[in-house]
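Trainee: Quick one: the structure is below, questions incoming.
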Amino acid sequence: MPEGPEIRRAADNLEAAIKGKPLTDVWFAFPQLKTYQSQLIGQHVTHVETRGKALLTHFSNDLTLYSHNQLYGVWRVVDTGEEPQTTRVLRVKLQTADKTILLYSASDIEMLRPEQLTTHPFLQRVGPDVLDPNLTPEVVKERLLSPRFRNRQFAGLLLDQAFLAGLGNYLRVEILWQVGLTGNHKAKDLNAAQLDALAHALLEIPRFSYATRGQVDENKHHGALFRFKVFHRDGEPCERCGSIIEKTTLSSRPFYWCPGCQH
């Protein structure tokens, strides 16, 4: 499943394609959304927002399209008139004079009015977004030490969107390696230095991934500016201590870690 950085980059691409342009055609696959098609013709997308792994497409008439890609959903940007060759099932089409955005395969799609943005079950439950520039390490530390989260193992906590939105498995793995902790640790058992390091890593690593993953530094042998230190690297030596990276399963997801420096 795409994690926060990937969802945010998708939102950036959608915004760049159609933001501010009048919609010339709108189509929804689901019957409950059909009535909104005519309401959106002539309107425009004002901005595309992310809340963790959910995407909110805001329109100029105050409607908002909520979509969650889950495992299979994917957005595509095409030139208007182009019909991609794909076996995926089209769910949403938002067309302007020159660009069209298409949502395939997703099933969690709703149209929301302004008052519903605060009452929608997922949006109401989700925690602060790690890519929100206003979210600080101090706030993250407060959440880590709150009665709700302080006694939970990181294996599950770092996948819980109610704790921090936008984290997922590769970020969980990379963050815990960065701070030298395991999935079995809990916030209540950490010292001040460990808490501080974790609070910073929970924001810095997702933001670095968003800003640089997929970009290339030609002066570096490994190429990509963001690269995995342990994720999908079982059997390889840890670059920090030289021990062999291992793979196990935690909270029903693959977990990669270094037994030499994560303890």
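Quick reminder: no glycine exception, Cβ is built from N, Cα and C everywhere.
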Trainee: Among 124-158, 229-263, find the range that Swiss-Prot records as zinc finger.
Mentor: 229-263
Trainee: Treating G and I as helix alongside H, and B as strand alongside E, what does DSSP give for the zinc finger (229-263) in helix, strand and coil?
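Mentor: Counting residues by DSSP class gives 0 helix, 12 strand, 23 coil.
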Trainee: Hey, how far is Lys53 (active site, proton donor) from Asn169 (DNA binding site), Cα to Cα, in Å?
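Mentor: Cα of Lys53 (active site, proton donor) to Cα of Asn169 (DNA binding site) measures 13 Å after rounding.
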Trainee: Given the binding-site residues Gln70, Asn169, which one's Cβ is surrounded by the fewest other Cβ atoms within 10 Å?
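Mentor: Sparsest of the binding-site residues Gln70, Asn169 by Cβ contacts within 10 Å: Gln70.
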Trainee: Of all the recorded positions given, namely Pro2, Glu3, Arg125, Asn169, which is spatially nearest to Arg253 (active site, proton donor) at the Cα level?
Mentor: Asn169
Trainee: For Glu3 (active site, proton donor), just count the other CB atoms lying within 10 A of its CB, please.
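Mentor: Other Cβ atoms found within 10 Å: 20.
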Trainee: Could you pull the average pLDDT for the zinc finger (229-263)?
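Mentor: Mean pLDDT, the zinc finger (229-263): 96.
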